[in-house]
Amino acid sequence: MKVLVCISHVPDTTSKINFTADNSAFDKNGVQYVINPYDEFGLTRAVWLKEKQGASITVLNVGNKETEPTLRKALAIGADTAIRVEAEPTDAYFVAQQIAAVAKEGGYDMIIAGRESIDYNGGQVPGMVAALLGWPFVNACAGMEANGDTYDFVREIDGGKEKLSASAPFVVAGQKGLVEEKDLRIPNMRGIMQARTKPLEVKAPVEAANKTQTGAFSKPAPKSAVKMVDAENMAELVRMLHEEAKVI
Amino acid sequence: MSVLVYLESWEGKFKKNTWEAATYAAKTASMLGTEAIGLCIGKLDEDASEAGNYGLSKVLKLEGDAFNQFDANVYGAAIAEVAAAQSANTVIVSATFNGKALAPALSIQADAALLSNVVALPENASPFSVKRGVFSGKGFNILTSDAAKRIVLFVPNSIAPEATGGSASVEGTSAGQGSISPVAVKEVDRVKGKIPLPEAERVISGGRGLKGPENWGMIEELAEVLDAGTACSKPVSDMDWRPHSEHVGQTGIAIKPNLYVAVGISGAIQHLAGVSASKTIVVINKDPEAPFFKAADYGVVGDAFEVVPKLTEEIKKFKAAN
Ligand SMILES: Cc1cc2nc3c(=O)[nH]c(=O)nc-3n(C[C@H](O)[C@H](O)[C@H](O)COP(=O)(O)OP(=O)(O)OC[C@H]3O[C@@H](n4cnc5c(N)ncnc54)[C@H](O)[C@@H]3O)c2cc1C
């Protein structure tokens, strides 16, 4: 079984977000990058498949050379090989085309990605890949178990959950529940040493035009100062929520 | 040219934010100088002509065995076919869980640009541009597309539904009958009678400060009197005090209700990332130094176990008097 895990390289969750002086781009200065938190769940799930069923894991990133430490970290966690498609990932459609091309060529049985990346929050790439390949798609996947020839999934829906089943090949866009957070793998010394010698292939992108262009960035308007209300005077809070904020 | 909007329904009923989507479509259509058409998929127990009241001229109903259960690819293909038949160059989809799953499939099947995480009405018709949220609520970005066709996936509670008093004709359509999904739905487990979080206009949320799941009764009571949804911080769902579907924040659900009440939540940057777009934020915390106060509109320093029941009482009194 061949598993392709998509890895997005994103600012650490504690990052302060700033844009360049002309607001045309994200300011990467001083920002630490990590494996997208949703992708970490997918990667650990793939490592379980490897341990229990002998899967092989390829991690894939579409990005420039800066993302290689993130791919090496994924190798240290347990992936066998890594592929980096050498291109700036400026448009979800473009990225999806690259992933679909790698998947077609490599004969993978499943693709595991994250529900969304925490930088651009698009949540588009995995569903596009599934549609490009004509494979079933399980979005917001919070559980996945092999059951003979098919797989059982849990998918988050508005206000609840759904249980699904499908056979490979498929695309899963995962989140917590694929594994629990306490079970996330972190690289150990042996993994880090091994990762140095594992293959990391750099591929040229396939031809695909962007469908969107990124314009100016801005920040949310600053909040006005908080109004403190005495804990003994909840009637006053209710009055303010009704008269000023008009939310009740 | 026309604007097509997917009017999502669940178990035969329109969702709370369906009319928000209709309003979004009608306003986009008027900006583009065209009409807005609605599309309902699957069995419907409600009167679809109601959509006319939100600015749609026509509603199409698509039924068939393929639509008895939701599947991203099947629904996406059906909408793509209807869009082509109606020569719609813009399709509006609300970013519910199902909307987020089907929009990428639709964009591939219709060969359209997908503009997602959109938080306001379009700013410009040509090039078509929208404001989207980025970095989990810590920023915005203008996204443009000059593609001939586009899908706009917009975040619930981004605009208010507006009644226009108009009326819509209702027709069946046979476009996009679709094939049966290869994914089998075995069980659907929806919490009955509860407002799904992304749609809720008011949300009461509890953090680790509540000490344990046995103390959630007061959060639920407050939510009930305010007709609100309930949410929690990440450690609370990690410890299984509350279901994961209630976890809000950067790695949970991002929400933008009109009112967000945070009880016993410190206000860590990852939590704020998912809730800071809320219109009004009330923070109840016994620690006056809790970082959440900096992001709040109204703050109460006090013990949640005393403050929350008092607040619930006052709201009851207010409701009785109004
Ligand atoms: C990669 C990553 C992703 C993350 N994603 C998320 C996310 O999506 N959502 C999220 O919420 N967190 C997320 N976190 C965790 C986040 O950093 C915080 O740990 C979390 O938000 C803290 O939750 P809390 O405020 O409930 O708990 P605590 O930090 O323990 O705070 C509890 C608060 O309750 C107050 N309190 C205690 N007792 C009372 C009382 N009786 N009355 C009133 N107040 C009281 C305390 O003063 C304190 O401020 C993430 C972290 C990481 C590393």
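Glycine too: its Cβ is placed from the backbone N, Cα and C atoms.
As annotated by TrEMBL, domain 'Electron transfer flavoprotein alpha/beta-subunit N-terminal' applies to B:3-195.
Among the features that TrEMBL reports, FAD binding site is placed at B:R208, B:G264, B:I265, B:S266, B:G267, B:A268, B:I269, B:Q270, B:H271, B:N285. B:I265 (FAD binding site) has a Cβ environment of 31 other Cβ atoms inside 10 Å.
Contacting chain A by the Cβ rule (under 8 Å between Cβ atoms), the binding-site residues B:R208, B:I265, B:G267 reduce to an empty set. Once the Cα atoms of B:R208, B:G264, B:I265, B:S266, B:G267, B:A268, B:I269, B:Q270, B:H271, B:N285, the listed binders of FAD, are compared pairwise, the greatest separation found is 18 Å. Checked against ligand 1, the binding-site residues B:R208, B:I265, B:I269 give B:R208, B:I265 in sequence order as having a Cβ less than 6 Å away from one of its atoms. Non-local contacts of B:I269 (FAD binding site) by the CB criterion (under 8 A, 6+ apart in sequence, same chain) comprise B:Q250.
In this structure, of the binding-site residues B:R208, B:G267, B:H271, the smallest number of CB atoms within 10 A of the CB marks B:R208.
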